Ligand code: DGL
């Protein structure tokens, strides 16, 4: 493993591209490999044991590619797997994502924070611990939104279907008094415009791509593994259907990217 080794980033599908976008901005010189575990999307309604098995498979794949770091660009997988992953690969820098509860607790005036995430994240002991630690005084209201994940996986980011899917959950949390909304799933930033329109212009919507990218940069620097010159590269892979990922990635990230399938052994 060296400074020139790659950084592996993965999610159940294309949601993690919202994190990858921030990583590309903050770390423009790095070789990046993104894996969409599309054969197994969504993670949100799977057992923690299943999500952990997939995390092990993806981590082993990145290690087989001599990765210097791995980003679990998925709140659900972070909640289910981050601690055992670190035990399994103690020499690998492993970065997870979790809902932005701490900044939300600082921002709220009403004392009520709304969180949209998957069922898996919201039911996890890790989420309960996060809330207890970072927002003990705040009333947290929750809404699982599996439909939002499906919409993003279909490339539906606006229009009547999206507005209809967003309206009721947002209205429910606003009616419960939430004046800050946490996008606790990496798919949801792609629906930001629709969520903002339903919530009203003054409601902060918090996501974690940028802070995660900054933390990754800090960790690479600390370990002497940060690349500071040369062009960055990006390859996208899927455990599902490559042309589908290529079409989605050109919509969500940029056109003309290098897209292929993850080797069968890791699917
Ligand atoms: N994007 C994921 C997350 O941040 C998972 C969505 C899913 O697969 O259900 O939780």
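Cβ coordinates come from backbone N, Cα and C, glycine included.
Pulled from TrEMBL, these are the features on record:
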ACT_SITE  74  active site, proton donor/acceptor
ACT_SITE  185  active site, proton donor/acceptor
BINDING   11, 12, 43, 44, 75, 76, 186, 187  substrate binding site
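Locations of recorded TrEMBL features on the structure.
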| residue | record | Cβ contacts under 8 Å, 6 or more apart |
| --- | --- | --- |
| 11 | substrate binding site | 17, 19, 36, 37, 73, 74, 77, 186 |
| 12 | substrate binding site | 36, 37, 38, 40, 41, 42, 43, 44, 74, 76, 77, 149 |
| 75 | substrate binding site | 97, 98, 99, 117, 118, 121, 184, 185, 186 |
| 187 | substrate binding site | 13, 14, 15, 18, 148, 149, 152, 153 |
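Summary of the substrate site environment: with the site residues 11, 12, 43, 44, 75, 76, 186, 187 set aside, the chain residues having Cβ atoms within 8 Å of the Cβ mean position are 13, 15, 16, 42, 74, 77, 118, 121, 149, 185. Mapped onto three states, the DSSP output places residue 11 (substrate binding site) in strand.
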